[in-house]
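Q: Take a look at this one; I'll ask things after.
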Amino acid sequence: MKRILIVTGQSGSGKSSALQVLEDLGYYCIDNLPLALLPEIVAKLDHENNLEQLALGVDIRSTRADMQEFDHVFEQLKRHGSVDVIYLTTQDQDLIARFSASRRPHPLASRFNSLLQCIQEEKQLLIPIQFRSTVHIDTTDKSVHDLKHILLSKLGQSDNLIVILQSFGYKHGIPLDADYVFDVRHLPNPHWDLELRRLSGLDEPVRQFLESNQQTNEMFADIYAFLEKWLPAFAEGHRHYMTISVGCTGGQHRSVYIVDRLKKALEAKWAVQILHREMKHWS
């Protein structure tokens, strides 16, 4: 395991939101486990699963005795990878407003008469973990999107939109993971040319065949214009990835050609990944 993140902090400061962001970034996330069980669980996961990134949510539902043992737990976790502690905090008045808006009780509400007392006591309980924190984030007046950007910056990860370009064949079904689907079955089909049938849209003879038809060039231009216009908006909307699927009948010639051409046009500005779904069916 390469990286372990312990996500903790004051109740209401955004721990659940932070874990959700980390899950979207590819972390395997576990929340609300007793602190004393973390070394055992992490050791088991490290032994039985090929995990690269693990995020663990810890809060004051662990006992005071557990909190005092945090240094020991921290050292045990370091046997399985690099460990960072992300500590989230929020100004008292902002926390009070959040609990009032959500109408959810503070985890310490059964022990204290006021919300402010709960907040103050929680700070004391979390001191052993806060002392070990390597990433400190104040979420006062921050949205979930703000928190995402801060986490990406603190963790040194890219917030760039990943564009996944996927070719497919309609006879094998429309991809369920597609955000947008473009149908290019109306373009001339190289399948009916015996010299081109066994080739794919990646081969030069097929490219020349398709580019000799004006409809092909117009179709490509229209799809590219759409993506060129709207990908920046998708990125600003905090999308982590976007799947663009292009389909023809069998997924071997026309859709493959369009996807390959789109990749070459987009990769100067965007992180682009390619998937030719029907490659195993190519004749």
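The backbone N, Cα and C atoms fix where each Cβ goes, glycine too.
Where the annotation comes from TrEMBL, it is an automatic prediction and has not been curated.
According to TrEMBL, the protein carries these features:
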{"type": "BINDING", "residues": "Gly9, Gln10, Ser11, Gly12, Ser13, Gly14, Lys15, Ser16", "note": "ATP binding site"}
{"type": "BINDING", "residues": "Asp59, Ile60, Arg61, Ser62", "note": "GTP binding site"}
{"type": "DOMAIN", "residues": "4-155", "note": "domain 'RapZ-like N-terminal'"}
{"type": "DOMAIN", "residues": "162-280", "note": "domain 'RapZ C-terminal'"}
Q: How would DSSP class Gln10 (ATP binding site) in three states?
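A: Reduced to three states, the DSSP call for Gln10 (ATP binding site) is coil.
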Q: So which other residues, same chain and not among Gly9, Gln10, Ser11, Gly12, Ser13, Gly14, Lys15, Ser16, have a Cβ within 8 Å of the centroid of the Cβ atoms at the ATP site?
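A: For the ATP site the neighbour list reads Asp59, Leu88, Thr90, Thr139.
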Q: Taking DSSP three-state, what's Asp59 (GTP binding site) in: helix, strand or coil?
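A: Note: Asp59 (GTP binding site) is coil by DSSP, not helix or strand.
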Q: Taking 10 A as the limit, how many CB atoms besides its own sit near the CB of Lys15 (ATP binding site)?
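A: Around the Cβ of Lys15 (ATP binding site), 22 other Cβ atoms lie within 10 Å.
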Q: Could you tell me which of these binding-site residues, Gly9, Gly12, Gly14, has the greatest number of Cβ atoms within 10 Å of its own Cβ?
A: Gly9
Q: How long is the line from the C-alpha of Gly14 (ATP binding site) to the C-alpha of Ile60 (GTP binding site), rounded to the nearest angstrom?
A: 14
Q: When the domain 'RapZ C-terminal' (162-280) is classified with DSSP, how many of its residues are helical, how many are strand and how many are coil?
A: 52 helix, 26 strand, 41 coil
Q: Calculate the distance in Å between the alpha carbons (Cα) of Ser11 (ATP binding site) and Asp59 (GTP binding site), and round it to a whole number.
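A: With the alpha carbons as reference points, the distance is 7 Å.
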